[in-house]
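A.B. asks: Submitted below is the structure of interest, expressed as structure tokens.
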Amino acid sequence: MAEDTSSPMDRFCGSTFWNATQTWWTNDPDFTPCFEQTALVWTPCAFYWVFVIFDFYYLKASLDRNIPWNKLNVTKALVNLGLLVITALDLIMALIKKGGDSELPLYDLDVWGPIIKFATFLLVFIFIPLNRKYGVQTTGCQFIFWFLLTVLSIPRCRTEVRLESERQKILDSQQPSEQDFSWEEYQFVSFFIFFTFTSIMLILNCFADGLPRQTKYQRGENEIPELSASFLSRITYQWFDKMALKGYRNPLEEKDLWDLRPQDSCSEVMPIFAHHWNQNVRKNYKNKARVEPKAQFSNGNVTFENPHGEKNGRKKGMASIMPPIYKSFGGVFLFGALMKLFTDTLTFAQPQVLSLIISFVEAKEAEPEWKGIMYSVLLFVLAAAQTFILGQYFHRMFIVGLRIRTALINAIYRKALRISNSTKKESTVGEIVNLMAVDAQRFMELTTYLNMIWSAPLQIGLALYFLWQQLGPSVLAGLAVMIILIPVNGVIASRIKTYQIRQMKYKDERVKLMNEVLSGIKVLKLYAWEPSFEKQVLDIRDKEIATLRSTAYLNAGTSFLWSCAPFLVSLVTFATYVLIDENNVLDATKTFVSLSLFNILRFPLTMLPMLITNLVQTQVSVNRINKFLNSEELDPNSVLHDSSKPHPMSIENGEFSWGDEITLRNINIEVKKSSLVALVGTVGSGKSSVVQAFLGEMEKLAGVVNTVGKLAYVPQQAWIQNATVRDNILFGQTYDRKRYNKVIDACALRADIDILSAGDLTEIGEKGINLSGGQKQRISLARAVYSDADLYLLDDPLSAVDAHVGKHIFEEVIGPKGILARKSRVLVTHGVTFLPQVDSIYVLKMGEISESGTFDQLVKNKGAFADFIIQHLQEGNEEEEELNQIKRQISSTGDVPELLGTVEKAIKLARTESLSDSISVTSADSLMGGGGSLRRRAKRQDSHDSVASAASLKKKQEVEGKLIETEKSQTGGVEFAVYKHYIKSVGIFLSVATLVLNFVFQAFQIGSNLWLTKWANDEKVANDTGLRDMYLGVYGAFGFGQVFSYIGSVVIVYLGALIGTRKIFIQLFGHILHAPQAFFDIKPRARILDRLANDIYKLDVVLPELIRVFNSQVFRVLATIVVISLSTPIFLAVIVPIAFLYYFAQRFYVATSRQLMRLESVSRSPIYSHFSETVTGASTIRAYNVGDRFIEESDAKVDKNQVCKYPSVIANRWLAIRLEMVGNLIILFASLFAVLGGQTNPGLVGLSVSYALQVTQTLNWLVRMSSDIETNIVSVERIKEYGETKQEAPWELEQDKNKPKNWPQEGRVEFQNFQVRYREGLDLVLRGVSFNIQGGEKVGIVGRTGAGKSSLTLALFRIIEAAGGRISIDGVDIASMGLHMLRSRLTIIPQDPVLFSGSLRINLDPFEIKTDDEIWKALELSHLKSFVKSLAAGLNHEISEGGENLSVGQRQLVCLARALLRKTKVLVLDEATAAVDLETDDLIQKTIRTEFKECTVLTIAHRLNTILDSDKVIVLDKGQITEFASPTELLDNPKSAFYSMAKDANLV
């Protein structure tokens, strides 16, 4: 070794490190031994040392502990020990055999080689017990390490075997050799033991370790296999196969789904987010006075701080959700970003390999064949690596998206429970729900693309760098084109954004209006007002469509820019390149490497604008969510809980407002312990506001409010959840049968529960749709009583129930002997009867307390209270014994002669009238308490049967009690009929046109590429500029063909879709308005709205985009196959098996994924309906202090939705991996055939491989799109299903036009043997009713609850259709006319006053056919004139959703005004006077008596005086008429039911 030319590595090994002739320039390549023992061993080791940090991270993040020893980890440990021993031995043997006095020199490699291996194996070994202890079942770094080590040892195997056979030859050659081969022999043996062990380790690492013994969360039967899947199974998603197979065999159902991964559940995601949110909120305060603890996660509650802050904290600005999102979920996101960086680099390696392949084909003869094969395999390996990494990347991003969505939905939910009333006023329930449904969803969609923000510029930069290497400065020309396109695109994007905001605005408006139409559908039907509202909705819809149309043109613009951009760029670049300099000639390598780089460029350039628009939309959403999360909250400190005060409830010098002007002033109220305090006053005097002030719902401007103890609250309008009756009463408390029965009896619910189909397990529809007002009110009261609180706030609980039930409830519940006698109670009431039994009374007038004291004191004062009583008594609807009581009470107070006189008169009146509507108290008593001994006897005999029957009964009850039908999620494929329906809506011509144009576009594209090939291969071009220009010109022409065909195809798709969706919406909405009332009783409103909002949105926006992409992708795949087959026809042989694989993956996936999507959408609507229910009942939830329970319910619903969502995300990845592998096979075969198949034309080879490189992406998109289309076409299916529901009778008929304008002239109403039922399959409600009412008669209808009174009126309006018999009005059978004809000629004042948002005028006269004078006259007669005059806007006063900004009484008066405006011959009054105080009631009665003197009036009676002066009374019982005569006649006959009712109530 005289000359020392060797490199440091050569010296290290003592032999050559790299020998190019041996490795590259040869037909039989091999590495040098030194290279095999250093580079090929140290690469895996280095990899492991670099990435071991991830292993540490997984230990730290693991939620589990303690995996038991098992075969697998024991074997791992042993084999690993074996490797340590072998390596140590290597070192020892080297030190013994070499160096020192041995003739073999000792090189550094002999020492350091084993040491490096030993250190690495030791590190791996340490992780075996660590992973066991921390419950980590599999690690990726170790798998990759063993994989690399095994693969990279293969070359050395070959070398060692060759050397061994050479040694054998020497030994066999019989010559006694001098050499000692013992060291080489040792190395040979030791290496193969080492190699065997690494292979075993690789195989062992393909499996995951056993299940941990300790887990933070219960691992159920149904746990997701991913948690215990091995690394290999995770990256190939092989653990999902079971689900895919199951889904393919038969449609998945909810029970087939796996449990949620603990780390994605609300209970893991929320505390993290809340912690960062709270930090962020604190940062926003200048005064750093408040030091806050971390977000605790005590018993499942996460506290969010109020960013609105204390009143004094000066606010720097809004707290935004973005920083907490970064901090909470940034880690996973960054890891994803790292992967993205990796794949981006791999992408650019592909064109480099392509250029190698082209140059290989060009120099076919000179190069050995193994290089070509190696290039093809290398291309495949790069693509495969990219596939696996991208799969993980998307998976991570989706998870981040899901978690962000969870966090936002929960944050919005928790906030909604605390917003102040002024905030609530700013947005409707619908808008708040939209924050959750639309805006939180946006984040999900964005996360996957977010990394494009840095990745796109990076890719563009790299592409340009490589292009520069190919084409030099002419790239700048192409770059210029791109740069010019970007601002153009920006302009378009910002226009699209303004249109989108506008479209969202219209959509919100439309949804809000439709929501009200659906809430008030019954009233719309009764008034025949549907056309007016249909027109309003369709007007908004047309504006929305116009906006969408403009957006469509702009979208066509952007997609044109981006799909033709790469072509324009390549045209400009190539043109510049050949025109700058005569010597620049395009050859195959330049052309196709550049083309594949331009193709890579296409993706980031397409994504950037999409990303920008997406970011813009998300920004809008972020702002909306921020605004909501930063809005004002109720001040939790407005009500103190100071137990040192003498009384449990008090207000001192209180001043309160509802956010604008002061509503209550100078309020001083004390409620002593266990006392009953009444608040009385006229409508609108502020009684309910006082109750709200106690609850802390109002804004406190001054004074002190104090309550001590647990509260219960009965609101004026009962808030009923969509749950069973029992759940509504228990309201989250445990079921205690004795207490429960006591409460039910006290609240007079026993009889109602007996009537319901499944007793107290009957499900109540949304907003209590299938209960009467009185029942809702009593359930609401029962809930309060059952909650067993200390303080009771009862806001007029007796208004909706009849006098008897009222009396019963007062005695049993509220009064001094009731269940609540020991509690402190505040009662808002309109009745005088109970006032003597009250401890003290506060009289409110105009928002102030005008006087207070006991009954006696107030009567003596002769103030406002005395007037109130006189006025009340003159109406005479009290009963005799009660009046006597009041009389005694008043006379005992001494000298108040005028009051006594009034009482005397009232008593006379009460003697002559009497009747009640409900189950009278006495009969109810006998039902409940009578015959004890008999019951006991029966009990003994029943007890042994009862166990068996109870179970079956319970089952039966549950089935019967389901009112709301559960939402069906369709199973199986989407039928062709659905597609046909959609295509028909769009129009055949347009559908065909898009396909044709797409075909033309692809033809032009292939044409231009083949033309390039011809050009690149033409030798003559170099010296003939004319020929060159001709090539360039034709290339340009092809380009313009592409441009025009493409724009055409896009515009047609968008416009066609809009034409379709417009038709579909009009049909759907028309259909829903024409549906009979029964349809709305069994379908929850949220579900119908979902069809009208969500599904239509999909048809408006999502589907057209999908169809456009799908079309272009299908043609793209076909084009690829055509091109590859042109260049290498043998490829067609491979296409068949590949297509087969593809088809299978796709079928499995579509079946599973579609079902998962359906399950997901079914599990999504409960989140929103629960949320909207919560928003409506927020004040009740707060009063009972059960917010935490509701939050838990919401969390559970979100988790359940995730359970369905997560597998569908995985299904996507599962498919992507499989499909991309199919695509990679296409790449492999296309390049292999090109290399081996003797194809000599480098241009065609370049073309076919560059097309193959794109195919992976395209295939992936194709399946995704086809399944997305299937998923979204489900919207058409769902809409179609609603379009096929049963319709009610036609609204208008031809023969109606012959009827006179003022029909009915007399108002004769005749029922002949009339029968009716509510829905098919239910019992008859009226069983053969016959009676005759002369024109102008006043008739009262009475009967116990459920006797069929309301059914009678509904039948008159044909809300429910006859099952037999007929009704005629003025001798005309009502079944023979159009519904609107009939309904518009009758008038009803319904039980619940329903108002719509819009002006007061629209509420009175939606068709705008009446003059102002007529409207003012009606308002005057309904006593609203002074009120409306006092409003700034007068008739145009905006009424808020549901009429929230008017008191209940005022709403009732508005309904009266409607009736007066219609003024038809027949008027129906339905328990119209329940919610009004006595004064208003009196006004209404007077008005009806005078204004409707000539009309036929049917009254469903509630109070005695309302029927007394009627001409006839109808007594109904169980759907049959038992009596029909004048009231006096019936009272003279002691045998009549009417008389016995009166007697029951001790009135006769």
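Keep in mind that glycine also has a Cβ here, set from the backbone N, Cα and C atoms.
The following feature annotations were taken from TrEMBL:
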type: TRANSMEM; residues: 78-96; note: transmembrane segment
type: TRANSMEM; residues: 135-154; note: transmembrane segment
type: TRANSMEM; residues: 186-208; note: transmembrane segment
type: TRANSMEM; residues: 324-342; note: transmembrane segment
type: DOMAIN; residues: 334-617; note: domain 'ABC transmembrane type-1'
type: TRANSMEM; residues: 373-395; note: transmembrane segment
type: TRANSMEM; residues: 449-468; note: transmembrane segment
type: TRANSMEM; residues: 474-496; note: transmembrane segment
type: TRANSMEM; residues: 559-580; note: transmembrane segment
type: TRANSMEM; residues: 592-616; note: transmembrane segment
type: DOMAIN; residues: 649-871; note: domain 'ABC transporter'
type: REGION; residues: 928-953; note: region 'Disordered'
type: TRANSMEM; residues: 988-1012; note: transmembrane segment
type: DOMAIN; residues: 992-1271; note: domain 'ABC transmembrane type-1'
type: TRANSMEM; residues: 1032-1059; note: transmembrane segment
type: TRANSMEM; residues: 1117-1145; note: transmembrane segment
type: DOMAIN; residues: 1309-1543; note: domain 'ABC transporter'
A.B. asks: Can you name the far-off residues of the same chain, 6+ from the ends of the transmembrane segment (373-395), with a Cβ under 8 Å from a Cβ of it?
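C.D. replies: Sequence-remote neighbours of the transmembrane segment (373-395) are 235-237, 336, 339-340, 342-343, 346-347, 349-350, 353-354, 356-357, 360, 448, 1209-1210, 1212-1213, 1216-1217, 1220-1221, 1223-1225, 1227-1228, 1231-1232, 1235-1236, 1249, 1253, 1256.
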A.B. asks: Relative to the domain 'ABC transmembrane type-1' (334-617), which of 649-871, 992-1271, 1309-1543 accounts for the most Cβ pairs at distances under 8 Å?
C.D. replies: 992-1271
A.B. asks: Using a Cβ-Cβ cut-off of under 8 Å, list the residues of the same chain that are 6+ residues beyond the ends of the transmembrane segment (78-96) and lie near it.
C.D. replies: 106, 110-111, 113-115, 117-118, 121-122, 124-125, 128, 183, 186, 190, 193-194, 197-198, 200-201, 204
A.B. asks: With the transmembrane segment (135-154) as the reference, find which of 186-208, 988-1012, 1032-1059, 1117-1145 contributes the most Cβ pairs under 8 Å.
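C.D. replies: It is 186-208, which has the most Cβ pairs under 8 Å.
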A.B. asks: Averaged across the domain 'ABC transporter' (649-871), what pLDDT does the model get? Just tell me the whole number, please.
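C.D. replies: Summarising the domain 'ABC transporter' (649-871) by its mean pLDDT gives 88.
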